[in-house]
Amino acid sequence: AISKHSNASSFFFILMDLPGLETSHCWTAIPICLIYVLSVLGNITIMHIVKSVPSLHTPMYLFLSMLSMADLGLSASTLPSMVAVFLLGQRMIGAVACFMQLFFIHTFSVIESAVLLAMAFDRCVAIREPLRYATILTTRRIGAIGLAVVIRSAALHLPLPVLLGRLTFQPVSALSHSYCVHPDVLRLSCSSTLVNSGFGLFVMLSTLGMDAVLILLSYVLILKTVLSIASNAERLKAFNTCISHICAVLLFYTPLVSLSMIHRFGKKKLPAQVYMLLSYLHFLMPPMLNPIVYSVKTKEIRVRILKMLHPKKH
């Protein structure tokens, strides 16, 4: 019988390649590297534009900067193990490193969810209370919201590595992904995971679940206000300010909700590749596509990017 360990320094996890593509590292590494390069460049560009243009120091763009920071954090959290697997062929990760990675992945994922909620609140105030918008969302209040978002996310996830460190595992266990996430690590435990599962469910419902409900409620209020506007042109103009945010919300929540549904109801019926693809979409796509969506749909950002690319024409 293989001995089991609860000391986090005495056991390891094996990171998983993409199913069916284990021998094609050179080909899978190219799109994954491209995703990370686009994510970093796109989000740094957004943050630089907002910081360097005083006229963009408004609530909408300050929240957009926060979203870019969350995207960068999420990319940086998954990057080390992805590089190890797809570029270096190194699939073994120590338990301590794995627990640290899952803490940062889940923390930045929840930060992103909370920023999307703050952006929904921003759009709701802008459309429902346009005359009081500047007095409700002051720079100081935006800073307080940003701090609260980070503290909530970090504080709720700090117990995860501690609770996982108390469990027993086989000396070497194989994960389902090329990065560590809490449910994946938890299923490999040889001891009771009741406390861990209960706490994980509480964190998910009190963060991602609550944020999703409040975002939906914000859009119900926005829709109610927009439909009460007499002019069709004004309706379109008001709703157009929300398009980028709606895209960001769908990019973030669609793979997450699909993953939850598959995990609860259809994991055995669907191939592992579908589950893995949705997981990669959830963690890799929003950081890459959010800057693109906001650049295409937001005139001020688009103009500044064009100025950076073609300074002589402007």
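Glycine residues also receive a Cβ, built from the backbone N, Cα and C atoms like all the rest.
Automated prediction, rather than curation, is the source of TrEMBL annotations.
For reference, TrEMBL has these:
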TRANSMEM  27-50  transmembrane segment
DOMAIN    42-294  domain 'G-protein coupled receptors family 1 profile'
TRANSMEM  62-87  transmembrane segment
TRANSMEM  93-121  transmembrane segment
TRANSMEM  142-164  transmembrane segment
TRANSMEM  199-222  transmembrane segment
TRANSMEM  242-262  transmembrane segment
TRANSMEM  274-296  transmembrane segment
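Looking at the domain 'G-protein coupled receptors family 1 profile' (42-294) alone, the prediction's average pLDDT is 90.
Between the transmembrane segment (242-262) and the transmembrane segment (27-50), the number of CB pairs under 8 angstroms, six or more residues apart, is fewer than three, so the stretches are not in contact.
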